[in-house]
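**Student:** In case it helps, TrEMBL gives these features for our protein:
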DOMAIN    44-448  domain 'Amino acid transporter transmembrane'
REGION    1-24  region 'Disordered'
TRANSMEM  41-65  transmembrane segment
TRANSMEM  71-96  transmembrane segment
TRANSMEM  121-142  transmembrane segment
TRANSMEM  173-190  transmembrane segment
TRANSMEM  202-223  transmembrane segment
TRANSMEM  243-262  transmembrane segment
TRANSMEM  282-301  transmembrane segment
TRANSMEM  331-348  transmembrane segment
TRANSMEM  369-388  transmembrane segment
TRANSMEM  394-417  transmembrane segment
TRANSMEM  429-448  transmembrane segment
Amino acid sequence: MTIGDISPKKERKSRRSKHVVDEKAPLLPKRQDEAGGYDEFNGASFTGAVFNLSTTIVGAGIMALPATMKVLGLILGIAMIVFMAFLTDASIEFLLRFSRAGKSTSYGGLMGDAFGKYGRIFLQVCVLVNNIGVLIVYMIIIGDVLSGTSSSGVHHAGVLEGWLGEHWWNGRTFVLIVTTLGIFSPLACFKRIDSLRFTSALSVALAVVFLVITVGIAIIKLISGTVMMPRLLPDVTDLTSFWKLFTTVPVLVTAYICHYNVHSIDNELEDSTQIRPVVRTALALCSTVYIMTSFFGFLLFGDATMDDVLANFDTNLGIPYSSLLNDAVRVSYAAHLMLVFPIVFYPLRFNMDGLLFPYSSPLAQSNTRFACITAGLIAVIFLGANFIPSIWDAFQFTGATAAVCLGFIFPAAVTLRNHHFIATKKDKMLALFMIVLAVFSNAVAIYSDAYALFKKNSGAGPRA
């Protein structure tokens, strides 16, 4: 909604009193992303907002974090997790401060305010690339867990195959069709992000279940003396191993990306002044989960930690009820990702609509447009999940491109642009640091990943 002449001093504190009549305001919004659409909604609670933002953060990236410990070592790895959390908090603070100054109610609106039409379009394209890539990865993991996967000629049985044997109805394609129609599609039909607060709370609880089981197994093996002390520092022996350190940056960046949902959560809060505590509480919660998962996951598996630690729970853990615990870990995390899906899908649909219909009425007011965009995006994600071969490749390349723009380059660019002259010298120095670090680290990461992928394909040679 357009809030034209409202003074910043009278900035809303409660959604119940946010509707102020402005006789100069147009009857319809100039752009779709300026519309609020919350007339019959009293506002979201602090707890619901924390759960929604935490669910946005804790996705599949948590499974790749123990592998970063294998590359960086525990000390540097945990330090990087904490550092990225503080950097993420700073970048979100930039977004919120400049949004308040420009009265922008969306990330796209903020980019449009700072850089015009093409800045908004570039942001929306990056959200599409990042979120579609992330959701494809989620669907791949769910398929791998439930129906199994094959690599290098070896088939790893899924949970359903292990329980019920191999049948057509527990094959990968059929399971993903049922999951898409029975879970993803209904949850994707909610028009407010706060409607997902209960599924978000459940998804966080399921992630904690995975963490508790991992910690319990690691402690049991530590007491029995079957676990070696993990490496504390990176093992850098040559230039190649040094460059490899940078390949962990996209994974760390992807693990904290939540910027595309901050405005949606802020817009629905009953008390808009709570958004900063919401962000910091969610980041603290997720950082704790990340650190504990990374530490105990690497402690448990050591140098045998795979790129996707979930794959480590496909083997004998060397303790009683190993098979049952493996299945519990895999099923709980697959269920977690099913509930994360609609939270990541929400801004994807919003930005797709803003890209295709920038001057139309709000998406929530058009059932036809809402249904068509929802169905089209889900179909694209479903098809993509059958063609992306590796979760690690997907995270490296999406993390090194669209995600780093959303998380750090765009907020820093808005700060340096300083359209409303509110940035301090310290802000500009931090923004410049964000851009230099993001560009340099991810350029090296893309080169290293592409080289490793090329070397892997060359080494495989033609198959007989």
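From the backbone N, Cα and C atoms, a Cβ is placed for every residue, glycine too.
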**Student:** Same chain only, please: residues at least 6 beyond the ends of the transmembrane segment (71-96) with a C-beta under 8 Å from a C-beta of the stretch. Say none if there are none.
**Tutor:** 65, 107, 110, 230-235, 244-245, 247-248, 252-253, 255-256, 258-259, 262-263, 266, 275-276, 279-280, 283-284, 286-287, 290-291, 294-295, 298, 407-408, 411-412, 414-415, 427, 430-431, 434
**Student:** Where else in the chain does the transmembrane segment (41-65) make close Cβ contacts, counting only residues six or more beyond its ends and a cut-off under 8 Å?
**Tutor:** 14-16, 81, 134, 137-138, 141, 192-194, 196-197, 200-201, 203-204, 207, 251-252, 254-258, 261-262, 265, 268-271, 274-275, 277-279, 281-283, 285-286, 289-290, 293-294, 297, 307-310, 333, 336-337, 339-340, 343-344, 391-392, 395
**Student:** Rank 121-142, 173-190, 243-262, 331-348 by Cβ pairs under 8 Å to the transmembrane segment (282-301) and hand me the top one.
**Tutor:** 243-262
**Student:** Where among 202-223, 243-262, 331-348, 369-388 do we find the most Cβ pairs under 8 Å to the transmembrane segment (173-190)?
**Tutor:** 331-348
**Student:** Which one of these stretches, 121-142, 331-348, 369-388, has the most C-beta pairs shorter than 8 Å to the transmembrane segment (202-223)?
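**Tutor:** It is 331-348 that shares the most Cβ pairs under 8 Å with the transmembrane segment (202-223).
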